[in-house]
Structures are given as structure tokens and as C-alpha cells.
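According to Swiss-Prot, the feature sn-glycerol 3-phosphate binding site maps to Thr11, Arg81, Glu82, Tyr133, Asp242. Sequence annotations record features per position, and here Swiss-Prot assigns ADP binding site to Thr11, Arg15, Thr264, Gly307, Asn413 based on sequence analysis. The feature ATP binding site is assigned by Swiss-Prot to Thr11, Thr12, Ser13, Thr264, Gly307, Gln311. Swiss-Prot lists Arg81, Glu82, Tyr133, Asp242, Gln243 with the feature glycerol binding site.
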Amino acid sequence: MKYILSIDQGTTSSRAIIFDRNANIKGFAQKDFKQIYPHPSWVEHNPNEIWSSLLEIISEALANARTHPNEIATIGITNQRETTIIWDRYTGQPIYNAIVWQDRRTAKICDELKTQGKDKIFLEKTGLVLDPYFSGTKIKWILDNVSQARERAEKGELCFGTIDTWIIWNLTKGKIHITDYSNASRTLLLNINSLNWDDDLLQILNIPKSILPELKQSSEIYGKIDSSIMGTEINISGIAGDQFAATFGQSCLQKGMAKNTYGTGCFTTVNIGHKPIINEQKILTSIAWVKKNITTYVFEGSIFIGGAVIQWLRDNLELFKKSSDAEILAASVNNNGGIYFVPAFVGLGTPHWDPYARGTIIGLTRSSTKEHITRAALESIAFQSFDVLTEMKNSIKGFDIKELRVDGKASQNNLLMQFQADILQCNVVRPKITETTALGAAYLAGLAIGYWENTEEITSLWKSDKIFEPLMKQSQREDLIYNWHKAINRAKSWIE
């Protein structure tokens, strides 16, 4: 069989990409879906709309590749992480909308748990901080607030899943209820040392174990899709949360290698090898993948608003019509005009972990223009990534980043990538294939069935497209960073 189908279910769109053995894209399709904002800081998706979008793009990608389902060797799945769905085990219907990773409604639950001193337990067992970002408190909220949900969960009538679980449930017509360790490591429920759902954590959050999916490796044959989906049965053999799939797709397979994904949010991962290292409260430790019974761990810095700040300028302020116009506007001025934009629309992630921070544009004068604001918005993405990598340097003994591999839509923005290199004072390397999230899922799926022989083969497929080298004077860089930190401190703890 010729190809691998990779399903990349993201925060704002679903994508299907068909790869060949040389990692060339043979077919592509993408479909946006609705973002639901019931209240300030609440973010939801319609799970059925996500599923219907996948059916559309699978068909479209096959048509674009001019291929038939019989030529698909296997399917790999990657997904927005932490986003939480609970559905009826018998009807397959969700009992509530998907609560998205950006959603902050459970901040008070996290505060109460911290007051009880539970944050240390969660950190030691899961490598995560107590934050609304993760699935555990979202599950608790649904069970506590949706009519009869807790009662039905305790009777075994409900299933929980992150998006990967929901996709596979639907692809197999409810026959398979699984997740992989990488997605599970973002729930606040998985012990990343023992690789088991943790009974103590389930008890703290009052979540019945019966709703949880079975744990699987990131690269193994899980089963086949139902023949009604594509007209034939096809193996599913790869799963990884989006940032971990991107890490694999970037061939960051050796300890110390780092990548940054510039998507809706911005996510930096550093491969830390095969033993978990728990950081004191600021940098997350997660499972990147489990393959052939070997676990690879990463440090991660999570920035909630990355490329989404450009979407906000486009849709909410209507400063431009296309996201690609942002680079043109920003490049038309020599600097940010003294403006600093802290896009804390849903709080701040790594290293601040402040759910009560809010967005701030500071330094405005009568001479400020939309060009300056747009440039400040782009620069905010690089500044936030700088803060994450600085914290990582402080956390990993002997770690000094020499090269940052980048991907995601915003990595195509040359102005942003050059500014990132300048602020970090290291090379920023963009690969020829920037669809690394989908590619990572394809690699994991392909390795499970022998489509690719080993990781050495896939590493040989990685090629650099452009290297951005630091050019900025040190004094200018230091001034920018100093003012950025002044601005971010103004944004913190805004909501009381």
C-alpha cells in the first residue's frame, strides 16, 4: 500500500493529510469549525461538528490525492490535547459540549485544591501544575454540573475521552475506547512514573475510573476503522497529542533537542530522555510517546495565546482581512513604537501560571498605529517563547539551547522567526515540511506496521528550509526584554 492518512484535529480546524514514504504530501484537506464562547473565559466545541468535519476532510483529502482508500496502509491520529468530552456509552452522544483546553471555568476548583495542599501531589504524580488547562477539573465540572451526569457515570453509562479517544470511538463505531499515554499524561489523572491511571488522584477529583479509556502505546495497531467510514477496513496504529506528534515529526528524538510549535497557542518541548524529571511548578513534564515499551518524556512550556492573537486582531478589531497581512503591516514599521502586547486573553501559562491575568496593550501614544500594535502582537509570541526557554535553561542542568526547530502556521512568518532568533540568541530552523504535527502521527502509525523500518529512516527525511540567525544588538535585545517583563507584570492578577 502506498500511503498513510494522518488526521490532525486542532483547536480551530480539522485537517487530513496523506503522506507517501518520502514524507511528501499527496493529499490535503482542512475544515474550520465553530468556536463557542458561552461566557467570558469559557471555550467549547460541538463534538458532533468535529466528527462531521473529519468525515468531510478524509473524503476530500483522498480525492485531492487521487487515490482510493484501498491504497491507505494505516491511519495516524493527532489532536488538540486536554479538550474534554463525556458521552453516553450506548448512544454515542455527548452529554455536554467539549470543554476546550483554553477554557478557564475551573479556576476556582484548582484554587480550592491548592488551598488543601493537593498541588504537590498532582505535581509529583503527573508532572503537571493544578490549572484549568488540564482535563481532570473539566471532567469534574461536567460531572458536577450536568444533570444526572455523576449518577450515570457511577453506573458505567458514560465514557470520557480527549479528542483522540472521541475520534477512534467514532471511527470504530463504538468498538474501541482507548487513548495513548501522551494524551493521558495531560489529564491530571495519569501517574507518569507507573504509567497507570492513579486511584489517589481519581479520588481527590471524585472521578469514577469506569469512564476512563484503556491506555495504549503511541505506536501500535489498535484495531480497524468500521468499513462504513471509508468503504473498507483500515488499521489505526498511531496516536499522539499534537505537541508530542510535532516533536516526533521534527525528529527531536535525542535528549536535549527542542522544538516550538506556533499554532493557536505556542508550545515548546525539549526531549529529556527516558526518565521523568519533575520541575518545581513552572515547567511541565509529560510523556511524549511510548513506543516498543520505551517511554520518552519532555519538558513543555505551554503558551495559551500564540497565533490566536493575530486571529483576534483580524476578527475582533478588524485591523486586516487576512492573517498573512499581519507580517506586511508589522514589517512596514521599524519597531513596535514602544507598545507591548500581552495576549493574556485566557490567563497566562508557562512560566507564570496565572489564570487571573488578562490581555494588556501598554505604551500607547498619539503616534501609535495599527502597524505598531500588529508588530507588538507578533513580538508577544516570541517574548512568551523566550520566557519559556529561559525557565527551561534554569531547570535543566547543563541545558543551553543551540538550535530551535519550529513549525506551525505562524512559523511561515519570516519577521516573527527572525525576531525569535534575535530574542533567543540562537538559530531558529524551519523545516521544509512544516506540517510536522500530522507528519509525526504518520510516522508513529507507519513505524507500527513496518511502513518505515526505524527512527533512523524517518530522521533522514527531515530537511531544513531556512535558518534564522540572531542579528540584533545585545543592548537593544535587553531593553526589549526588560520592557516586556514590565508589561507582563501589569497584566497579572487582573481578575480578583
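Here the Cβ of each residue, glycine as well, is placed from N, Cα and C on the backbone.
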Subset of binding-site residues (Arg81, Tyr133, Asp242, Gln243) lying within 10 A of Thr264 (ADP binding site), CA to CA, in sequence order: none
Sparsest-packed among the binding-site residues, when each Cβ's other Cβ atoms within 10 Å are tallied, from Gln243, Thr264: Thr264
Lowest local Cβ density (other Cβ within 10 Å) among binding-site residues: Thr11, Ser13, Arg81, Glu82: Ser13
Binding residues Thr11, Arg81, Glu82, Tyr133, Asp242 (sn-glycerol 3-phosphate) - maximum C-alpha distance in whole Å: 15
Largest separation between Cα atoms (Å) of residues that the record links to glycerol, namely Arg81, Glu82, Tyr133, Asp242, Gln243: 15
Densest Cβ neighbourhood among Thr12, Gln311, Asn413 (binding-site residues), 10 Å radius: Asn413
Cβ-centroid neighbourhood (8 Å) of the sn-glycerol 3-phosphate site, Thr11, Arg81, Glu82, Tyr133, Asp242 excluded: Gln80, Thr83, Val100, Trp101, Arg186, Gly241, Gln243, Gly265
Spatial neighbour of Tyr133 (sn-glycerol 3-phosphate binding site) that is closest, considering only the binding-site residues Ser13, Arg15, Gln243, Gly307, Asn413 and their CA atoms: Gln243
Cβ within 8 Å of the mean position of the Cβ atoms of Arg81, Glu82, Tyr133, Asp242, Gln243: remaining residues of the chain near glycerol: Gln80, Thr83, Trp101, Arg186, Gly241, Phe267, Ser302
Around the Cβ of Asp242 (sn-glycerol 3-phosphate binding site), the count of other Cβ atoms that are within 10 Å: 30
Proximal but sequence-remote residues of the same chain as Gly307 (ADP binding site) (Cβ under 8 Å, at least 6 apart): Tyr262, Gly263, Thr264, Gly265, Cys266, Ser323, Ile381, Gly408, Lys409, Ala410
Close in space, distant in sequence - Arg15 (ADP binding site), Cβ under 8 Å, 6 or more apart: Ile7, Asp8, Gln9, Phe28, Ala29, Gln30, Lys31, Ile57, Ala438
Asn413 (ADP binding site) versus binding-site residues Glu82, Gln243, Gln311 - nearest by Cα: Gln311
DSSP-derived class (H/G/I helix, E/B strand, else coil) of Gln243 (glycerol binding site): helix
